[in-house]
Each structure stands twice: as C-alpha cells, then as structure tokens.
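A.B. asks: Handing you a structure now.
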Amino acid sequence: MKKSEMKGYRTHHCNELNLALVGHKAKLCGWVHSKRDHGGLLFIDLRDREGITQVVFHPEKDPPLFAKAKQLKNEFVVKVEGKVVERPAGTKNASIPTGEIELEAESLEILNPSQPLPFNLDEDIENEELRLSFRFLDLRRKKILNCLKVRHLVSSVVREYLSREGFLEVETPILSKSTPEGARDFLVPSRLSPGKFYALPQAPQQYKQLLMVAGIDKYFQIARCFRDEDLRSDRQPEFTQIDLEASFVEVEDIMKWVEEMIQLIFLKVLGIELSLPFVRLTYSEALDNYGSDKPDLRIEWQIQDVGTVFKNTQFKLFRDVIEKGGVIKALNAKGRAPMVNSSALEELVGIATSMGAKGLAHIRVENQEWKSPIVKFFSSEERKELERLLRMEPSDLVLFSAGPREQACLILGKIRLHLAEMTQGIPGNQWKFAWITDFPLFEYSPLEQKWNSVHHPFTRPHPEDLTKLNEGKYDAIRALAYDIVLNGVELGGGSLRIYEKELQEKVFSILGIGKERQELLFGHLLKAFQYGAPPHGGIALGLDRFVMLLTGSESLREVIAFPKNRHGVDLLTQSPSEVDYQQLKELNIQLSFPSIKIEP
C-alpha cells in the first residue's frame with residue numbers, strides 16, 4: 001500500500017484483510033476483544049463493527065512496543081499499524097473471514113482505555129435490566145449488532161422497492177393533534193399556546209390520507225409512532241412502522257406491493273425466495289379453521305365443525321348446545337396422545353375454563369380403542385362418522401369445544417397453539433404468510449354500551465354491505481380491511497379508506513361521535529373530503545416486529561437500539577424523569593401529585 005494511502009485512522013475494517021494482502025501494510029482501529037500470551041508472543045483479537053482480526057506482537061522485534069501491548073485490556077480502543085502475514089500452519093481459523101492471516105504489529109496507539117465491563121460480551125446475559133442500563137456496551141455484542149444490521153438492510157430494501165414502484169417518501173408531523181378515541185396519546189404542552197397540547201402520532205393515518213387528497217398518489221414513510229399503553233413483551237411506547245398509502249387502488253394492488261416487497265426483503269436478508277401470492281383467508285375462515293385472526297399456518301392441525309355428526313345425538317351436553325344454536329368444534333392433534341399426560345391435559349382444560357368453557361371433552365386413540373369418558377354416549381354411527389371426518393388414527397388426541405361459535409373457535413385456537421408449543425409441533429425454519437380479509441367493520445362493547453371500530457374509523461365498509469349501515473345491522477357489515485400474518489404474528493394491517501364526507505360522518509355517528517366532536521377532532525379531514533378526495537387505501541407494517549421475526553429474537557427490545565423496559569423506562573438515561581421547576585413554570589403546568597417533589 002502506498003504511503004499516501006496510509007494516512008488517517010485506518011485503511012481497512014477488521015473483516016477485510018486476507019491472503020491477497022499478505023506483505024501489504026495496513027492500519028486497523030477497534031476494540032481489544034481478547035488478549036492471549038502464548039510462549040512469548042502476544043496476540044490480541046481486534047474487533048470493530050465488521051469483524052475481528054488477530055494482531056501479533058513479537059518481543060524481540062520491538063521490545064517497547066511489546067511492553068506497551070502488555071498493558072492492553074479488554075475493550076481498550078486502539079489503533080494498530082503493521083504488515084499482513086499468513087498465519088503459520090495449524091493456527092488458521094476457518095470460522096472468521098480473516099482466519100488465514102494476522103497483522104504483525106509495528107506500531108500501537110491506545111486511543112482510550114476502558115473500565116472492566118459489567119458483563120462478558122461473548123455470553124448470553126440473562127439480566128436484561130443490567131444490559132439495558134449499559135446499552136452502549138450491549139450493542140457491541142454480535143447478536144444485537146446483527147439485529148441492527150438486519151434492520152438497516154430491511155429499511156434499505158423497503159426504500160429501494162417502493163421508490164422503484166413510484167412511491168414518494170414524505171415525512172409527516174411528529175407534533176400532531178390529539179384524537180383520544182383510540183389508545184392514549186403522549187401529550188406535549190405548547191409554551192406558546194398556554195393550556196394547549198400537541199400529541200405524538202399513534203400513526204400517520206390522517207396525514208397520509210390528506211396526502212392522497214393533495215394528489216401525491218403514492219406515499220411511503222418509515223414512520224415513528226407513539227402509544228401510551230400498557231406494555232407487553234411485543235410492545236414498546238415508541239415504535240416504527242413501514243407506512244404506505246396509494247390512490248386509485250383496489251385491495252389486490254396493496255397486497256401485490258406488500259408481497260413483492262417482502263419477497264425482496266427475504267431474498268436480500270435471508271437468501272430465501274418466497275412463493276407468491278400468499279395464502280388468503282377471510283376472517284370467518286381463519287376463525288372457523290384456526291380459532292384465530294392471526295393463525296400460525298406452520299401448525300397443520302385445523303379445527304373442524306362436527307355439529308352434523310351430533311345433530312341427533314343422545315349426548316346431553318352436545319344436544320343442549322345445538323338446541324341453543326351453538327356449535328360443536330373438534331381439533332385432532334395428530335399423534336399427540338402419547339405426549340400429553342394427565343397434568344398436561346389439565347393445563348389444556350385450564351385454558352378452556354379460563355375462556356368461559358365448562359370443561360374440555362377429549363378422546364385419546366390408543367391402538368384401535370377410544371379412551372374417553374364421553375364415548376359411551378356416542379352411537380356407533382356417530383363414532384363411525386366422527387372417525388371418518390377427523391381421520392382419527394392411533395395416537396391421535398381429539399379435543400372438543402361446544403358453545404357459541406366464536407367462543408368455541410377461540411378456545412380451540414388457543415389450545416391448538418399451546419398444544420403445538422407443548423409438544424414441539426411447530427416446525428422451525430418455515431415462513432408461513434397469510435392475508436386475513438373481510439373483518440367485521442364494527443364490534444359492540446357491552447361494557448361501554450357502544451359500537452367501536454375493529455380497525456379504525458376511516459376503514460371503508462364492504463360495498464355489498466353498505467345498505468346495512470342505514471338498516472342498523474352494524475354487526476353484519478364487513479370491512480375492506482386486511483391484515484398480514486407471519487407464523488401467527490400480525491405483521492401489519494391496512495384497508496381501503498372512506499373518502500366521502502357523508503359516509504365518514506355516518507361512521508363517526510355510529511361510533512358515538514357527535515357532529516360537534518367530529519368537527520373538533522376531524523374537521524380538517526372532513527373539510528379535505530369536500531375538495532376532490534380520490535379513492536385510496538394503504539397499510540402499515542411493524543418494522544420492529546418484522547425484524548424480530550427475521551432475526552429470531554425473543555423480544556422487540558433486541559432489535560431497537562435504545563428500547564424502553566417493560567415499565568416504559570429507558571434504564572440508560574433514566575427517562576422519564578423529573579424536570580426543572582422553571583420548565584414547568586414556562587409551560588404553565590402545575591403538578592398535583594404530592595409524592596413528586598420539585599424544588600424551585
């Protein structure tokens with residue numbers, strides 16, 4: 001390498017040196033990953049973001065340099081210059097790209113020392129609170145770093161694909177308007193407008209619809225979103241979604257773009273070519289066959305309706321359910337009977353009873369014999385038809401749920417998933433996508449005694465069901481909405497939108513939002529609909545959740561650089577935190593919590 005090329009901190013990253021560069025000079029910068037003293041020779045593994053290079057120090061060639069190298073400790077930041085040499089026979093390491101060479105050190109500069117680390121970067125650390133408190137160190141771990149690289153690659157592919165398809169990336173406001181009909185907003189007080197507040201956006205929903213009214217035609221954004229809600233393992237108060245919207249589209253147009261984008265992501269990130277199109281299931285089909293609106297299609301078992309088998313049954317439990325208009329559903333867990341002992345079965349019964357069932361009837365097939373307290377109530381014709389319908393064989397475990405359709409399906413859906421997890425019935429390295437369509441537009445809340453949107457109030461009713469709006473048959477109206485599901489996890493959801501002022505006002509009124517409140521909260525959108533709003537629709541995919549699945553991570557916190565913990569706290573910066581009294585005074589805010597003391 002020419003001398004002029006040796007200026008600056010480094011000439012290469014720690015994954016780039018190889019046999020082709022033997023004899024060349026190189027400069028590397030990074031962190032001391034490990035240090036080893038082997039019979040006089042001193043070795044360090046030097047690590048940067050891209051990889052590791054072994055550096056060797058010879059005591060006889062440069063004693064002062066060797067003495068300086070002996071001072072090194074793990075995670076010291078150093079700059080090393082030297083000559084690339086081939087490793088001696090028997091010392092090569094095929095597990096890393098630089099494993100055939102080493103850098104023979106000629107100079108060493110310690111750029112910054114390091115305190116001893118609170119945990120070993122090479123180990124899995126169970127104490128997540130400790131990791132998050134030292135997140136800047138946790139991010140040095142290869143596993144977490146890889147998650148961020150995958151996240152970057154996914155974002156890059158999204159931008160590449162959507163730009164190629166004619167979408168414009170447009171940023172929408174972070175300081176927005178509060179519309180408290182959904183989840184709780186994060187509020188931001190305005191200093192210049194005392195007593196008034198911005199809200200951090202839960203989604204760019206209204207802005208992207210306004211962009212369609214503006215004639216943008218195709219919009220996308222990798223959008224930051226905020227929701228002040230109770231946290232679960234798969235939730236964060238701030239999250240990122242791949243957001244897109246387009247004008248003059250049908251449902252299939254949106255699905256095609258999303259499928260092709262995901263196909264490209266899988267090819268570039270995992271080297272896997274997905275088959276298109278993805279499976280399509282209506283909401284009713286998903287509920288009836290899988291007991292869930294986000295079915296895991298890796299599990300082969302399907303729920304089946306066996307009501308016809310027992311239409312004339314003498315088994316009182318089933319007969320009473322049928323007479324009340326209920327259903328009899330069955331799940332045949334193929335080959336699982338030997339894997340489910342009495343305690344495991346009690347666990348399944350507990351799931352059913354927790355969801356409102358009185359119990360969980362079952363049949364074990366042992367050889368050619370059915371083991372169950374209920375089979376004595378079945379006629380020979382019922383047994384024969386049940387065996388045919390469920391394809392019952394030795395070692396099968398059949399579970400029954402009887403009651404109202406939705407309840408019976410949901411119970412077996414949860415048991416289906418739990419039983420598959422319990423008996424290792426979910427194949428690894430499979431990617432099963434599905435679109436779920438034709439959701440109900442509304443759902444009734446007995447607690448609130450009002451109708452709510454299943455998705456959001458801007459979702460377009462199915463054209464075949466529009467007359468039911470005026471007839472008051474709200475529970476029979478389908479939505480032009482669609483969710484995309486991967487391996488039982490909802491990746492995202494979207495819909496075609498309402499773009500007529502009168503129809504939007506009608507939906508608002510069904511949801512209990514009066515005219516005055518409509519104008520207060522959504523007047524800007526209703527006004528826009530009077531100026532030539534085009535038909536439009538879109539979707540939002542959870543970027544964090546998608547990357548979590550792609551990397552096999554257990555939590556969203558693994559794929560976010562600086563996440564909050566389960567209590568919504570950033571343990572690194574200790575936020576949220578108290579603020580200065582003067583800041584509150586400027587915002588005309590007075591706290592009313594006696595447990596919080598802020599000194600002037």
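Cβ atoms here come from the backbone N, Cα and C positions, even for glycine.
Annotation source Swiss-Prot lists L-aspartate binding site at Glu181, Arg227, His455, Arg497. According to Swiss-Prot, the ATP binding site annotation covers Arg227, Asp228, Glu229, Gln236, Glu490, Gly542, Leu543, Asp544, Arg545. Residues or ranges marked as region 'Aspartate' by Swiss-Prot on the basis of sequence analysis: 205-208. Per Swiss-Prot, site 'Important for tRNA non-discrimination' is recorded for His38, Gly90.
In the displayed structure, how are the listed features positioned relative to their neighbours?
C.D. replies: His455 (L-aspartate binding site): 16 other CB atoms within 10 A of its CB, across all protein chains. In the three-state DSSP scheme, His455 (L-aspartate binding site) is classed as coil.
DSSP classifies Arg545 (ATP binding site) as helix under the three-state reduction. When other Cβ atoms within 10 Å of the Cβ of Arg545 (ATP binding site) are tallied across all protein chains shown, the result is 23.
Residues 172-173, 176, 179, 219, 221, 243, 245, 456, 458, 522, 524-525, 538 of the same chain, all 6+ positions outside the region 'Aspartate' (205-208), place their C-beta atoms under 8 angstroms from a C-beta of that stretch.
There are 9 other Cβ atoms within 10 Å of the Cβ belonging to His38 (site 'Important for tRNA non-discrimination').
Secondary structure at Gly90 (site 'Important for tRNA non-discrimination'), taken from DSSP and collapsed to helix, strand or coil, is coil. Remark: Gly90 (site 'Important for tRNA non-discrimination') has no non-local neighbours by Cβ distance under 8 Å and separation of at least 6 in sequence.
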A.B. asks: Can you give me the Cα-Cα distance between His38 (site 'Important for tRNA non-discrimination') and Leu543 (ATP binding site) in Å, rounded to a whole number?
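C.D. replies: A Cα-Cα distance of 47 Å.
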A.B. asks: Across all the protein chains here, work out how many other Cβ atoms are within 10 Å of the Cβ of Glu490 (ATP binding site).
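C.D. replies: The Cβ of Glu490 (ATP binding site) has 16 Cβ neighbours within 10 Å.
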A.B. asks: Which value in Å gives the longest Cα to Cα span across the ATP site residues Arg227, Asp228, Glu229, Gln236, Glu490, Gly542, Leu543, Asp544, Arg545 as recorded?
C.D. replies: 20
A.B. asks: Using DSSP reduced to three states, classify Glu229 (ATP binding site) as helix, strand or coil.
C.D. replies: coil
